[in-house]
Amino acid sequence: MIHLMIMMLERVGIIVILGFILAHTKLFRQALQNQDGYKGKAILISIFSLFSIISNYTGIEIQRNMIVNNDWVFTIDPSGSIANTRILGVEIGGLLGGPFVGAGIGILAGLHRFSLGGSTALSCAVSSILAGVLAGLIGRYFTKRYRMPTPRIAALVGIGMESLQMIIILLMAKPFSDAWELVSMIGIPMILINGTGSFIFLSIIQAIIRKEEQARALETHRVLTIADQTLPFFRQGLNENSCKSVAAIIHKLTGTDAVSLTDKEKILAHVGAGMDHHIPSKSLITGLSKKVIKTGHIMKAISQEEIECTHAECPLHAAIVLPLTSNGNTIGTLKMYFKSPAGLSQVEEELAEGLAMLFSTQLELGEAELQSKLLKDAEIKALQAQVNPHFLFNAINTISALCRTDVEKTRKLLLQLSVYFRSNLQGARQLLIPLSKELNHLNAYLSLEQARFPGKYKIELNIDSRLEQIEIPPFVLQVLVENALRHAFPKKQDICKVTVCVLSDDASVYMKVADNGRGIPPDVLPELGKKPFPSKEGTGTALYNLNQRLIGLFGQQAALHISSEVHKGTEVSFQVPMQQMKEGEEHAQGVNS
């Protein structure tokens, strides 16, 4: 029995070595990952059936409790049998592939064993099929719980399946006395050796898969880190400043010997070896880069000649050049250099390809973000441009009437009119202006209106003097005051009062324009400022435009709040958090610069 066990260990060693080689193949790993498809199942059946057939051929032939053949077995004497590791391949295949794969392996391995002959040919064939199905069911049980069977489970299943084979031999092989003698001789060695072999085989597969998963997780983390650190720079587009920072990040995190980024004509950044002659902005791109830009395909170089660097002492002897695209057009290249061709491994190639696709996506997103920002700014300026001085003709008529009676007042009104239009023109070109300028604009407007209706309007200004330099959208207060003067007061109302407040606390700036006019009808109030709509009193376009400008610059929290009571008056207000106001100022500076 000991001698048989030693020889069985040799057979298991053959299968384990084959399993070690197999686990490193891409075909096997892909089959494990895609075992739900017919192709993956077919590959697993083929591989483990081959293992089981090899186990049949390398079995140890036994007759009358004696080892008669220790070489490869191609036929078995009718009174003989073999001790082998066939069940190991059937069981492992079933555990990894499920009942369909296990049954397929069991049928092929069993038919092959049956073809060799011997007193246990039929019982071994039947046990192979049952072992494959049962191992497959056990494997599916674990797979449904999103985990692979452990080596310990594999060992227990191996012991169980081999024990099942011994029972089937006792039940089916004739005469029973010979079957009993055979099982007494081979049972313990085969059960122990197949259990041990199953443990080792699955341990190897799990270790290699775990190692690959760890490597993949590490690469994923590295790529995500690079993406996170480079995204702010690619938002700026493909320029020298952004590319220098990006190249430094890639060089640091990938460990390549040098990294270059180019546009279609010149090197934008080069970090690492060769910086003395790969000079940004002064060096034209190489012929290799031109080919990549022209074809849009990845290219590799494994010699200094293929890199096409003209510097005789350039330390770079291998490179991979990848296209950077935006909206389907190649706009530049990413070049990763190595001092030795050995550094350009498959892992580095896949990393470079992933980074190129990621960077291309970032460039497209940056371009889309820029276009969206420009469109948004254009919309805001278009809304500002709609705030036209509709009272122009009335102001001119008023000034014309005063020319003969009060020349000095006429001169002052003309100056105020010029201030008003100058502010209007400047405001149409800016997203934000200081509050002090807005107040000058408002005072110019009020001077012209009060000249038309002397003594009619009482204007109260409650302005926190500390806020005069804060940046606000142009025409905000003027539009709200103009809206109140035009719509709030009936013609016969004696005291027409408008209050303008600009106050703040530590968190927000509050602006409010209130009047004591006739109020807004309840059926109109809910929609006012949210959309233009025709009515006898106006279209609501001014408030709608102002509301859209505030939301566009500061977000929904800066939207207008309108409250009103009929015959008592209306209050229009909004507030902007200090942080949002600072961000709006930075945004405006970026647009106006």
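Glycine too: its Cβ is placed from the backbone N, Cα and C atoms.
The membrane topology recorded in Swiss-Prot keeps I76 and K144 together on one side. Counting Cβ pairs closer than 8 Å and at least 6 residues apart in sequence, the transmembrane segment (153-173) and the transmembrane segment (87-109) reach three or more and so form a contact.
Same-chain residues lying 6 or more positions outside the topological domain 'Extracellular' (110-117) and placing a CB less than 8 Å from one of its CB atoms are 52-53, 56, 73-78, 82, 86, 124-129.
By number of Cβ pairs under 8 Å, the transmembrane segment (42-60) is matched best by 87-109 from the list 13-32, 87-109, 185-205. Long-range contacts of the transmembrane segment (87-109) within its own chain (CB-CB distance under 8 A, at least 6 residues past either end) are made by residues 12, 15, 19, 32, 35, 41, 44-45, 47-49, 51-53, 55-56, 127-140, 142-143, 148-149, 153-154, 157-158, 161-162, 165, 190, 194, 197-198, 201-202, 205. Long-range contacts of the topological domain 'Extracellular' (174-184) within its own chain (CB-CB distance under 8 A, at least 6 residues past either end) are made by residues 62, 64-65, 79, 81, 119-120, 166.
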